[in-house]
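Feature annotations, courtesy of TrEMBL:
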BINDING   B:N66, B:N67, B:G68, B:G69, B:D70, B:G140, B:F141, B:S142, B:F143, B:K144, B:P145, B:P146, B:D171  (6S)-NADPHX binding site
BINDING   B:N67, B:D136, B:S174  K(+) binding site
DOMAIN    B:12-231  domain 'YjeF N-terminal'
Number of protein chains: 2
Amino acid sequence: MSTLKAVSSKLAAEIDKELMGPSIGFTLQQLMELAGLSVAEAINREFPLKSAGEKKNVFILAGPGNNGGDGLVCARHLKLFGYNPIVYYPKRTEKVEFYKQLVNQLSFFKVPVLGPENNDNWLEYLKADKTVCIVDALFGFSFKPPLREPFATIIKEVCDLQDKVPVVTVDVPSGWDVDDGPVSEPHIIPKILVSLTVPKPCSQFLQKSSVHYVGGRFIAPEFARKYGFEPFEYQSCDQILKL
Amino acid sequence: MSTLKAVSSKLAAEIDKELMGPSIGFTLQQLMELAGLSVAEAINREFPLKSAGEKKNVFILAGPGNNGGDGLVCARHLKLFGYNPIVYYPKRTEKVEFYKQLVNQLSFFKVPVLGPENNDNWLEYLKADKTVCIVDALFGFSFKPPLREPFATIIKEVCDLQDKVPVVTVDVPSGWDVDDGPVSEPHIIPKILVSLTVPKPCSQFLQKSSVHYVGGRFIAPEFARKYGFEPFEYQSCDQILKL
């Protein structure tokens, strides 16, 4: 069997299931903490804060599922790193108590979290001239089209802005097909992609000028090989690796 | 009120309670993941792996409570960083399901975890000439004397070894009084102390040649000030700061 450079959406779901299954026993809270931290680390690597005067806003779009949860964790770490994160979290999944706790944690850090009540004015909070990057944490590898509102509109607005403010995508560009890449126009063109655990097939549709990281440093080498890919050679205690 | 450089055991307990209370809503799993990661980062900073041939064992002593849990998480990250951790976890708290999951995770990474069945031979696994450091993750800030078995014997054995193999202590040197420092002979003399969130008063009894880090980067500046200490100025995305 040859070495794959990416795993399909189906395999990615199996990996997640096994990581959190009875034999390995990772919890969602652990994996999300490390995943969100790795995205924050990639942002810090690409857009280091040099002086107090420069722009330091990061605008985080958090979706209703685990990809959004990664974004909420990322926002908290960015605040600790000295950035000024602003989160837009338009659709909340009430059944997962932990998502509410992630929002509480952001309040503790005085990170603004916009909600559905801001559906008509959220863009006013995204000041392009002060914003280092937009974090696309709307949908991950389990996304299935079609895009529903308010997300279709949100993505369209991001597409209008992405020439001015770089987009950092968590795992899968929102609106893309996980396996087939961009399937509609306009679509998000990430400047930075942080693939979690292992890239998904759509990563091959990244532009050549884009930067691709893998993050979420929490699997054993044998586990990677079992799923048909070589383990990534992270350095030192980095939580990310540039591919 | 003047700025404290350390908080008492009583205040440390209040800080933990508030961090995991309803208003902030951190979970034990999140805080333990970040705390354990920070200890692994300190070890990587002090004892970087340079070549494949050199020694890379780390012997982790994990106690029955949260300090031990930090040690279990630390072991997993050390394995990911390229070290060869070996854990001795002689007394397990069955009522906390999450500790069992942390042990499962170590199995996934093929990290040996010795248990009570090794009480008579655990030292055979600690090969001084191959071991970078011993991690003392036996007891934290809620420890109250007297030391019971098997821990009294374990600590005595560590004291016999600490001239040959440096000890890295998680938060509070085991056997020390959190507020009053070493209270019995022999006692552990850490070469490295990683204080979590904020140093405890006993840290003033460290030897001058010891290295002191603070780790566990998860509080807001206002929260630090509320408890009477200045926030620590962590750099970039470091999870530790040398004091």
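Placed from the backbone N, Cα and C atoms, the Cβ positions cover glycine too.
Overlay of TrEMBL annotations on the structure.
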residue	record	DSSP (3 states)
B:N66	(6S)-NADPHX binding site	helix
B:D136	K(+) binding site	strand
B:F141	(6S)-NADPHX binding site	coil
B:D171	(6S)-NADPHX binding site	coil
C-alpha spacing of B:S174 (K(+) binding site) relative to B:P145 ((6S)-NADPHX binding site), in angstrom: 10
Model confidence over the domain 'YjeF N-terminal' (B:12-231) (mean pLDDT, whole number): 94
Chain-internal residues, separated by at least six, CB under 8 A from B:N67 (K(+) binding site): B:A137, B:L138, B:F139, B:G140, B:V170, B:D171, B:V172, B:S174
Between B:G68 ((6S)-NADPHX binding site) and B:D136 (K(+) binding site), the C-alpha gap once rounded to whole angstrom: 9
Candidate with the highest Cβ count within 10 Å, taken from the binding-site residues B:D70, B:D136, B:D171: B:D70
Other CB atoms, at most 10 A from the CB of B:N66 ((6S)-NADPHX binding site): 24
K(+) site shell beyond B:N67, B:D136, B:S174, criterion: Cβ within 8 Å of Cβ centroid: B:L61, B:G63, B:G68, B:G71, B:A137, B:L138, B:F139, B:G140, B:T169, B:V170, B:D171, B:V172, B:P173, B:I188
Protein Cβ atoms within 10 Å of B:F141 ((6S)-NADPHX binding site), excluding its own: 25
Among B:G68, B:P145 [binding-site residues], residue with fewest other Cβ within 10 Å: B:P145
